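> The following feature annotations were taken from Swiss-Prot:
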BINDING   165-172, 190-194, 212-215, 282-285, 311-313  GTP binding site
BINDING   S172, T192  Mg(2+) binding site
DOMAIN    1-158  domain 'Obg'
DOMAIN    159-330  domain 'OBG-type G'
DOMAIN    351-430  domain 'OCT'
Amino acid sequence: MFIDKAKIYLKAGKGGDGAVAFRREIYVPAGGPAGGDGGKGGNIIFQVDEGMRTLMDFRYQKHYSAENGEDGKNRNMYGKDGTDLVLKVPPGTIVREENTGEIIADLTGSEDQVVVARGGKGGKGNSHFKSSVRQAPRFAIAGERGQELTVVLELKLIADVGLVGFPNVGKSTLLSVVTSAKPKIANYHFTTLTPNLGVVRTKFGDSFVLADIPGLIEGAHEGTGLGHEFLRHVERTKLLIHVLDVAGLEGRDPLEDFEKINQELHLYNEKLAEKPQVVAANKTDIPGAEDNLEKLKAVLSERGIEVFPISAATSQGLDELLSYVSKRLKELEEIEALKADTAPKEEKVYKYEETEDKYHFTVTRENDVYIVEGRFIERLINSTNFDDIDSLSYFQKVLRNRGVIDRLKEAGISEGDLVKMYSVEFEYFN
């Protein structure tokens, strides 16, 4: 089955904690602090793999974590950085942030890669906190947590050629005949619910990827039927084969069908309607198809659209159709290559930023308890040794400098009131 959406949870590596250590070499009785910094947490990186065609792997594993950084060591030795986790995705994958729907990355090129979740910074060792009044600091800073987020992966199908047309016009039959793909085929609407891919090899040895894209009906641009799913898959094909039932077996006019589908493409995205098209006039082996075929040719030839009479059931006319499509693809690829050579090169860089300030915190009151929360508060709590006077002094200094004490006063705190910061509770005294 072709999977084109997946939701996964990402957790980048935590930074290693800074070390509390002291020089203990012989003949150095008061060597001072020597705690090294923690290593950086591993990033989570998405990288294009041209050999992949689906998001199937992400269906079975939903949680991904990068390696944590190592803690700092004695003798001012840094901890080792955590190893990055590289996740391979097919070309054409879009990464969205689940809550906002914001596009984080659009991975199309063969060498595209992007850091989606950044590892936390390593904490500072106690050697950073030595001063004229603090000769032997007994505290260090904990490493930062890595970024955590849930993302939705969406694969915009990358096929060279897409088969479009109303349900039951013979797209699935055509795909099964010209490729080794085995789509479900039956005589009812929306038999094809997900795209089927196949590789076409012409009699001249050329090849291209062909996709039988789920059928659509009027109102598809508004989401009717399989509309939005269908239209999303069309976007990145280079060329469309518009399959029409010229026998009119369901009582429809093939020319009207052609106009209706192109109208849906235009309403969804004007660029879709501008894609090069070739018409495969299917079911010409059925009596009565000839009149519709001549009418179709007369109208579309004036618009410069090639019409190929075929029968997917008997393989009539398929060689001519596929040879033309292969030739047209080469022309389009040459045009794209020329544009790429002349266009200014632009380096794609994505950096996932925190939505809130690094030192953001909140003060709330529940009954007689003042609760202070924030990422920097949590990190400060984790890195404070409350049994050490120097560490406690540094803790109080940070709260004062970052405005926490002022905010508590604004909230109405009084002498002796209880303050809670995660796992720590203490009474407030000015």
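Each residue, glycine too, has its Cβ placed from N, Cα and C.
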> Counting every protein chain present, what is the number of Cβ atoms, excluding its own, within 10 Å of the Cβ of S311 (GTP binding site)?
21
> Return one of helix, strand or coil for S311 (GTP binding site), based on DSSP.
strand
> Which of these binding-site residues has the least crowded Cβ, counting other Cβ atoms within 10 Å: K171, K283?
K283
> Averaged over the whole of the domain 'Obg' (1-158), what is the pLDDT?
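Mean pLDDT, the domain 'Obg' (1-158): 87.
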> Count the Cβ atoms, other than its own, that fall within 10 Å of the Cβ of S172 (Mg(2+) binding site), considering every protein chain shown.
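Within a 10 Å radius of the Cβ of S172 (Mg(2+) binding site) lie 24 other Cβ atoms.
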> When a 10 Å sphere is centred on the Cβ of N168 (GTP binding site), how many other Cβ atoms does it contain?
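A 10 Å sphere around the Cβ of N168 (GTP binding site) contains 19 other Cβ atoms.
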